[in-house]
Amino acid sequence: MKQLDYADEKISTREFILGITSIILGIGVLSLPRNLAQLTNSSDGWISILIGGTFCAAIAWVMAKTASKFPKQTFYEYTSSVLTKPVSILISFTYIAYFICIAAISTRVISGISKVYMLERTPIEVISLFFLLVVIYAVSGSRIALFRLNLMFIPIIIFIVVVIQVFNIKLFDMTNIRPMFITNWSNILSGGKESIFAFLGFEIVLFYTILMKKPKSAAKAAVVGVTIPMVVYIVIYLFAIGVFSNIVTQNIVYPTIEMAKEVEIPGQFFERFESIFFTIWIMTIFNTTAMALDVSVYGLTSIFPKLHKKKLVFALAPIIYLISMMPQDFTAITSFSQSTSYVGVGLFSIPFLIIIVSKIKGVKGK
Amino acid sequence: MNKWISYPLICIFLLILAGCWDRVEIEERGFVIAVGLDKAENGEGFELTQQIVVPGKFGPDSASGGSGDAYLNITRQGETMFEIIREVAAETSRSPFYEHFKLVIISSELAEEENNLPHILDHFIRYHEMRRATKVMIAKGSAKEILEVEPKNERLPAIYIDSISVNNFKNSRMVPVSRIGDLHEQLLNENSYTIQKVEKGEETVKVVGNAVIEGKTNSLIGFLEAEGTEGMNFLTGEIQGGIIKTKYKGQDIVYDMKTTNHKVKTIIDNQNNVTIEVKIQSEGSIGEALLPLNFEDPKVIESIEQQIEQEIKDKVMNTFEKVQEEFKVDIFGFGNYLEQQHYQKWQEIKKDWEQGENYFSQSTLKPKVNIRIRRSENILKSYK
Amino acid sequence: MFSSLKKFLKKKKKKNNSQNNKVEHSNQEDFNIELSKNLSEDLLNIEEMLDKPDDLIIRKFSIGETNQACAVVCIDGLVDSESVTKKIIETIQHAKLDKNEKSVDVKKFKEDLTAHILSSQSVNWASTLDDVSLGIHSGDTALYVDGLEEVLIIGTRKWEERGVEEPVTEAVIRGPRDGFTENIRTNTAHVRRRLRDPNLRYETFKVGRRSKNTLILSYIDGIVNPKIVEEAKRRIKSIDVDDVPETGIVEQLIEDSYLSPFPQMHSTERPDKVSAALLEGRVAIFLDGTPFVLLAPATFGQFFQSPEDYYQRFPIQTFVRLLRYVAAFIAVFLPALYIALLSYHPGMIPSKLAFSIAGTREGVPFPAFVEAFLMESMMELLREAGIRLPKPIGQTIGIVGGLIIGEAAVSAGIVSPIMVIIVASTAVASFILPSYGMTLTLRMLKFGSMFAAAMFGLFGIILVYIMINIHITNLKSIGVPYSAPFGPFFKKDWKDMVFKLPESALKDRPKMTKPQDTNRIGKGAKK
C-alpha cells in the first residue's frame, strides 16, 4: 500500500536533539574515564569534559547555523554553491569516509567487547556480521524511523546509566573525589582534547538540518544534543573516580563497564549487572553505527540522486565490515580510531570555511 | 538479485546452526566458589585449592544423589594461578567457571613473602569472569584446612565463610570485608592496608582481626587482634554497630551503638609534625545494665556517657600507639586525608610518611568522642 | 532480504489480478442484461441465470381483479414468507384500482404501487438482471410487473441469526456486555445507539466480486482527519477479490505492510470500543456476516488498552496497563532469557539458585534451548487443541496437558522443573493482553527470540529486541506511525497510552491520528 503524504516525514526538534545524542553516545564513554584519569589528577577530569563538551557544543552550534542558512539545500548542494563543485565533492567524500570509519570502529569495538564479556569463543567476524545485518535492516528502512528509534532507545539508555550510578552510591568514596582543582592547565586541556574525541559524530547536523520541520531551531537543538552526553559523561566520570579512585581508573581498560560490574542488586534478584548494562549499551552503539551509516548513505544519495538508497546500503555495508575487520589488535583499533578522530577534528574547519567564503562571495541560501 | 542474496544467507544460517560456540550448559560448568592458597611443599610456587560445587547435591531430591559433600576440593601446585586452574580443567569433567567466585584465602605463610600478594591477586583482578567484589582473607595457618571446615548450617564452606565475613554490623571487632577491587586500589597506590583474618576454630572458623600488610613490599607484617581491630574501626569510621562495655560504680554497663559518625581533620606544622584529630560521634542505647540506675536523671546519663567516651578514647589510643610502635605503617588511611586537606604539603612528605623519616609514627592523635544515649531500651529498671 | 521477498510476492499478486480481471469481464457480459417488458421472458432469464434452484420461489398472480400479470421472485429462507404473502401478494391482489377496469395502465400502476399500495419501508426500482439477482440474494423480494421495464425490489429480509451475546474474546468484569452479531444492521444500530451524534457517518460499499458483501465505513465527521477517511476509502475501493467473508481479510487487503507479523488494525466485537475509537478520530469498518469490526488506524499501544480501563478506578488501571507491557515483554523474552542465562550467562543467576538449577538439570539430556523449544511447542499444541475441541473437553486438555504431561516430563527427566515454571508463566503472560491478534504475534516472536538466544545468548536477544523496534518504527497503519506515541513523541497521548490518567485529565483526543476537533472535554467539565 502506498505511504500517505500526510504522515510526518520531517524530523521534529526533539528527534533531532536525540539523534545527535545517540550518535555521540557510544564507544567513547566506555574508555573515556581511563584516558582522562591518565591525564589528570584526582577528579579533575570533569573540567576537561566540560571544556571539550562546551567546545563541541560551540562547533555544533556553528555547524547548525551554517546548515540552517540553506534550509532547502542538502550539504552537497550548499557546499557546491559556496565552494564550487569539485571542492564540495571532495569534502562530501571526506565526510562520507569519516562516517564510514566511525561505523566500522563502532562495529569492531562492540564486537570486541562482546567477545570479552559475553561470547568468549564466538568468532569476532560472526558477531560483527550479525550486528551489521541489524544495522542494515535499520538503515534500509525509512530515515525518520531511524530517528524515532533513537527516541525510543535513549530513555532506556539514560535509565540504565542512572541505575548504575544509583547502585554505586554505596561504593562511592568522597575521599577519592577530593582534592579538586590540582591538575595543571596543560593537562586539563589535553584531557579536553581527549574528551572531544568522545563527542565526535555531532557533525551530522550539517547533513540532517534540511530534514527538520523547523530548521531555525537547529542551532539550539545541536547545543542541547551535545549537552546531554556531556552531562552523562561528567556523571559517569565522577562516579568512576569516586568508586575506583583515580589510580585504579587509569588501569582499567573499560572503567564504565567495570563500574557496572561493581553493582550489586539488593535482594540478589540477579547478579552480574554488567551483562545487563552491556546488553543495553549495544543499543547505544547500534544507534551510533546506524546513524553513521545512514548519514553516509544520505551524503552519497545527495551527490548521486539516481542511486537507490537500499542498493547503497547493501554496497556500503560490506565496506564497513571489511574496514572493521582490518585492525588486528587492541592497539591497532585505538590508533585507527585516533586517526579517524583527528580527521573529524580537522573537519571542524569546514563550516567556518563555508561561512567565510559565502560572506566573501555573497552567496545566500534560498 | 534474489539469488545473490539468498545463497550467502543460506550459508550464514548453516554456519550458525553448526555454531553456538559459547554454549555451555549450566550443569556442565564447574562452579568454583573459593580458592585457598598455600605455599607449595617443595617451596617453589603455590599450592592452589579450588572449591568446586557439586550441584547434584543441591537438587530437590538430593536423596538420590546419596550422602556426601556438596563440594569438591581440588588441590594442585604450580607457578601461576591461571596455569594451575587450566591444569585442573584438563582433569575434571566440568570446566572451571569463575562467575560465582566468592573468596580468595591466602595463607599467612605465603603472604609474609615479599610481593607474593600482588602476584597471586593479579589473575583474580584481571580475568573477566572475576568480580571486583570477590573477598580476600588471610588465613592464620593453612588456607586449605579452612576450606575443609564442615559447617553445620550451610552446605558449602565458602558460602559459610562468606556469610560470616559480612556480619560486621553486629560486631565492632569484625573487620570490614576486603574486596579485591579495593585491594587493587591499595596495590596501585602502594598504601599499607589490612585484610580480614580468618582462623580455624575447633569446628568452625572465626573471622576476627586484621592482617596488616605493608604497602611498599606488599608483605604481611603482623596481625592486629580483636582489641586492636575495634580501635581501628573507630579510627577508619568503618564501624557500623556493636557494643561498648564500661564500668559504672563498679558494675558493668553495655552500650549498644546504633549510629556512628566519623570525621578526620589533619594539621601539619612547619616541622612536618602531623596532628590528626578524629571526631567520633555515636548514638545508641543501653543494652544491659547490671545495676539499677535512674535513667530519667540527665546527670546519670551524662556521667555514663562520659564513661563510655573515655572507654572509646582509650581503645583508640591503644590501637594507634600499638600500630605506630609495632608496625610503623599507616593502615588507617590518614595519608589520604592529608592528601585531600594539604595537597601541596603532602606531595613533599609523601615519601617520608611511612618510610624514611616515618612521619606517621611521629604523628599525634587527638580523638574527640561524643556519645549520646538516646534510650534505655524497653525498661528503666529491671530490679530494685 | 525482505525487499526481494516483497517484490516476489507483489509480482505474483499482479499476475493473479490481471487473470481475474479477464474472467470478471466475461461474467459481467453474461449477466448485465437489461430487463425487458415481457414478464415471462424476464422470469425465464432469471431462472436460467440461477439454473432453476429449489429455493427460488416464483409466484405469478394478477393485480386486483384484472388480468394484468405480475410475479414475485424471492429466495426461500432469506425472506420473511409471511410478509411476502401478506404484505405483497395479498395487498396487490386486493388492490383497489381507480376504475374497476379489466386492464391496468402500467405507467400509472407503477406510481401507485409505491405511493398507495405497498406498505413496505424499503422499495427500490432495479433495471438490470444483475441488480435483481443482488436484491433477491440479499433477502429482498423482486416484484415483476408485465409491461414494466423495471423491477421493484422490496425489503423482506429475514433469516435465522444469533442473538446479541457477550463477546467471548473480549470479556470484561465491568462494562456493557452486548457484543456485535453477524448482522451488519444490528451492528451499526449498536453504535448509533451509543453515539447519537448527527455527524456519525456510515458509508456503504459492496465488496467481493462474487459475494457482493456489504461493507460500511464509519467515522464521525468533524473529528476524524479527512485524509484518513480518503485513504481508507481508496483502499476499500481497491479490494477486488471473489469473497470477503471476514474483516480479517479486509484487514489483509488494505493494511500497509502485509509482511509484518503485527496486526495493523484493531478488530473488536465490542460496540463500546467502536464508539470510543470513533470519538478518538479513528474509522471503523463493519462487514456483513461477521461480528468483528475493524478499527483503524491502530498503533502498538492500542492493543494494550481494554475498555475496562476506563470503567474502573484509574490508579489500578494504570498499574494494569504497565503490567500488560511487562507481560508482553515476558511473553516474548522469558524463554529466550532462560536459554541465554542457562547456556551462556549462568553468572547472572544468584549463586545459590544457579547451583540448585544446575542440580535439577543434572539428569536432563538436552541443552536448554532444545528443552525450551520442546516445551514451548508442546504448549502451542495444547493451545491449538484447546481451541478445536468442544468446550468441556477443551478444559480437560488444559489439565491433562499442563499438569500431567508437565509433571510426567519432569519426573521422566526430559525437562527440568524450572522449565515448566517458565513455560507456564510465559503462557499466562501472553493471555494478559486484551487483543488476541497481538497475543498471536507475540507467540510467534517468542520463537524468534528463543532462536537468537540459542545462538548468541543475551547478545542475540538484544539484536532481536532492536529488530522488533526497527520494524515497529517503520510500520504504519493507514499512514499513522505504528510506534506513536513513543516513536513520534506525543506527550499528551502518554496520558492514555502508557498510563491511564483520570477521565478529567484526558482533555484531548489522541494527537497521533491528528483529529480535526482535539478537545474531548468541555470547559465546564474541567472542575
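The backbone N, Cα and C atoms fix where each Cβ goes, and this holds for glycine too.
Keep in mind that TrEMBL annotations are predicted by a computer and have not been checked by a curator.
Annotated transmembrane segment per TrEMBL: A:16-33 (among others), in sequence order. Cβ atoms under 8 Å from those of the transmembrane segment (A:16-33) belong to residues 45, 49, 60, 105-106, 109-110, 113, 147, 150-151, 153-154, 157, 194-195, 197-202, 204-205, 208, 212, 218, 221-222, 224-226, 228-229, 232-233, 236-237, 240-241, 249, 253-257, 281, 284-285, 287-288, 291-292 of the same chain, restricted to positions at least 6 beyond its ends.
Long-range Cβ contacts of the transmembrane segment (A:45-66) within its own chain (Cβ-Cβ under 8 Å, at least 6 residues beyond either end) map to 20, 32-33, 36-37, 39, 181, 183, 188-189, 191-196, 198-200, 202-203, 205-206, 209, 218-219, 221-223, 225-227, 229-230, 233-234, 237-238, 241, 348, 351-352, 354-355. What TrEMBL lists as transmembrane segment is A:45-66 (among others).
The transmembrane segment annotation in TrEMBL covers A:87-110 (among others).
According to TrEMBL, the feature transmembrane segment maps to A:122-139 (among others).
Per TrEMBL, transmembrane segment is recorded for A:151-172 (among others). Counting residues 6+ beyond its ends, the transmembrane segment (A:151-172) has Cβ neighbours under 8 Å at 14-15, 18, 21-22, 25, 232, 235-236, 239, 242-243, 259-260, 262-265, 273, 276-277, 280-281, 283-284, 286-287 in the same chain.
Long-range Cβ contacts of the transmembrane segment (A:192-211) within its own chain (Cβ-Cβ under 8 Å, at least 6 residues beyond either end) map to 10-11, 16, 19-20, 23-24, 26, 28-29, 32, 35-36, 39, 45, 48-49, 51-53, 55-56, 59-60, 63-64, 66-68, 70-75, 95, 98, 102, 143-144, 218, 222, 225-226, 229-230, 233, 288, 291-292, 295, 298-299, 337-338, 341, 344-345, 347, 350-351. Residues annotated as transmembrane segment in TrEMBL: A:192-211 (among others).
Look at TrEMBL and you will find A:223-244 (among others) tagged as transmembrane segment.
A Cβ distance under 8 Å defines the sequence-distant neighbours of the transmembrane segment (A:276-300), meaning residues of its chain 6+ beyond its ends; these are 19, 22-27, 30, 74-76, 92, 95-96, 99-100, 102-103, 106-107, 109-110, 113-114, 117-118, 131-132, 134-136, 138-139, 143, 146, 149-150, 153, 156-157, 160, 164, 201, 204, 207-208, 257, 260, 263, 270, 307, 309, 312-313, 316-317, 320. The annotation transmembrane segment is assigned in TrEMBL to A:276-300 (among others).
Long-range contacts of the transmembrane segment (A:312-330) within the same chain, counting only residues at least 6 positions beyond its ends with a Cβ under 8 Å from a Cβ of the stretch, are 100-101, 103-105, 107-108, 111-112, 124-125, 128-129, 132, 135-136, 139-140, 293, 296-297, 300-301, 336. Among the features that TrEMBL reports, transmembrane segment is placed at A:312-330 (among others).
Note on the transmembrane segment (A:342-360): residues 59, 62-63, 65-67, 69, 78-79, 82-83, 91, 94-95, 98, 101-102, 196-197, 200, 203, 206 of its chain, located 6 or more positions outside it, place their CB under 8 angstroms from a CB of the stretch. Taken from TrEMBL, the feature transmembrane segment covers A:342-360 (among others).
Away from its own ends, the transmembrane segment (A:87-110) comes close to residues 26-27, 30, 75-76, 79-80, 124, 128, 131-132, 135, 200-201, 203, 206-207, 282, 285, 288-289, 292-293, 295-296, 299-300, 302-303, 316, 319-321, 323-325, 327, 333, 336-337, 340, 343-344, 347, 350 of its chain (Cβ-Cβ under 8 Å, at least six residues beyond either end). Residues 103, 107-108, 110-112, 114-115, 145-146, 149, 282, 286, 289-290, 293-294, 297, 313-314, 317, 320-321, 324-325 of the same chain, all 6+ positions outside the transmembrane segment (A:122-139), place their C-beta atoms under 8 angstroms from a C-beta of that stretch.
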